[in-house]
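A.B. asks: As annotated by TrEMBL, (6S)-NADPHX binding site applies to GLY123, ASN176, ARG177, ALA178, GLU179, PHE180, ALA181, ARG182, ASP244. The ATP binding site feature in TrEMBL is assigned to 215-219, 234-243. Positions annotated as domain 'YjeF C-terminal' by TrEMBL: 12-332.
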Amino acid sequence: MPPIPVPTPRELLQRAKMFIPPLLDKMHKGQQGRVAVIGGCEDYTGAPYFSANASALLGADMSHVICEPQAAQVIKTYSPNIMVHPYMRQSHHTQEGMQSAEEISQKTIDLLERLHAIVIGPGLGRDALMQDTAAKIIEAAKARNMPMVVDADGLFLVQNRPSIIKGYTKAILTPNRAEFARLCAAMKVDPQGCDEAEVCAKLARAFGGVTIIQKGPKDHISNGKQTFVCDLEGGLKRSGGQGDTLTGSLVTFLAWTRAYRDRIWNLSRRGTDEVGYSSHDNSLSDSELNSLSAFGAAAVTRYCSRVAYEKKGRALQASDLSVELGNAFNYLFETENPKL
């Protein structure tokens with residue numbers, strides 16, 4: 001049997017465009033995406049903000065941060081566009097009568113019914129109670145069949161408790177090089193003798209079909225069955241926080257898959273509709289939606305990184321990527337034949 005041809009980057013972006021909902025006057029607030037970033041402790045307030053802000057700037061209607069109270073006070077000052085909920089607790093900040101992860105997680109679990117997708121991990125930290133609470137939230141999200149992104153110290157949780165995510169194919173893990181190595185060690189995946197794409201696929205299979213974005217000079221994306229490489233040119237500055245642009249973009253794409261599944265718009269075939277979006281004639285599977293979401297978000301992030309680096313050079317910071325998100329979407333998804 002001949003090998004299945006690998007789609008080109010342009011073909012992958014066109015496929016991803018199929019499930020991006022158009023802006024129509026009949027739509028109401030929330031249909032373009034309701035997302036939450038769960039993380040943020042007293043030491044790390046930038047990461048959850050950058051992630052939630054990226055989701056809003058890419059197009060999510062409603063973007064929440066669920067964090068520890070001291071982090072909430074700070075994040076609220078960053079932007080009035082983000083809804084901030086002080087529901088998490090660190091071990092040394094618990095209130096009497098509210099000590100367990102089960103109790104602390106309940107407010108966040110109650111909020112899940114109003115959300116389409118979540119990010120777990122930016123700014124979460126490694127405090128035991130924060131980790132245990134995140135684990136409770138992951139289990140509740142899985143019970144609701146909710147798409148999720150796991151990053152940063154959420155990956156520390158997965159590294160130590162692989163079963164919490166193994167086999168849940170609506171999850172996407174976004175490790176950097178060091179986090180990827182630790183996940184491989186946890187899952188006993190030997191990278192020796194394999195190229196990066198093969199190792200990424202092996203780790204995805206070890207996790208039972210979870211999609212993985214291995215961030216690096218090229219982003220390798222695999223669900224264990226199919227592997228894509230996003231090698232669009234990015235910037236050369238590696239300042240902290242750029243990965244949060246990826247998670248925020250990715251959770252928005254995952255929220256858009258909900259709109260696609262719910263059939264909230266009904267347009268004619270591509271080429272005959274005036275908006276230029278696809279109909280649902282050729283349905284995308286869950287695994288395709290995850291892989292295409294991952295590729296789309298990686299492409300957006302790399303475009304933002306390149307353009308921001310061209311403007312700022314060595315001075316580039318994570319906030320410089322944020323301001324390029326609208327332009328990135330317009331260029332990659334609304335420009336005819338973008339140069340990739």
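Cβ atoms are placed via backbone N, Cα and C, with glycine included.
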A.B. asks: Could you please provide the mean pLDDT value for the domain 'YjeF C-terminal' (12-332)?
C.D. replies: 92
A.B. asks: Counting other Cβ atoms within 10 Å of each residue's Cβ, which of the binding-site residues ASP219, ASP244 comes out lowest?
C.D. replies: ASP219
A.B. asks: Work out how many Å separate GLY243 (ATP binding site) and ARG177 ((6S)-NADPHX binding site) at their Cα atoms, rounded off.
C.D. replies: 12
A.B. asks: Filter the binding-site residues GLY123, ARG177, GLU179, ALA181, ASP244 down to those whose C-alpha lies within 10 angstroms of the C-alpha of GLY235 (ATP binding site); answer none if the list is empty.
C.D. replies: none
A.B. asks: Run through the Cβ atoms and count how many others sit within 10 Å of the one on GLY243 (ATP binding site).
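C.D. replies: I get 22 for this one.
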A.B. asks: For LYS215 (ATP binding site), find which of the binding-site residues GLY123, ARG177, ALA181, ASP244 come within 10 Å, Cα to Cα.
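C.D. replies: Correct set: ARG177.
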A.B. asks: In the structure shown, which of the binding-site residues ARG177, LYS215 has the fewest other Cβ atoms within 10 Å?
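C.D. replies: Across ARG177, LYS215, these binding-site residues, the one with fewest Cβ atoms within 10 Å is ARG177.
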A.B. asks: Given the binding-site residues GLY123, ARG177, GLU179, ALA181, which one's Cα is the least distant from that of GLY241 (ATP binding site)?
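C.D. replies: Going through GLY123, ARG177, GLU179, ALA181 one by one, the closest to GLY241 (ATP binding site) is GLY123.
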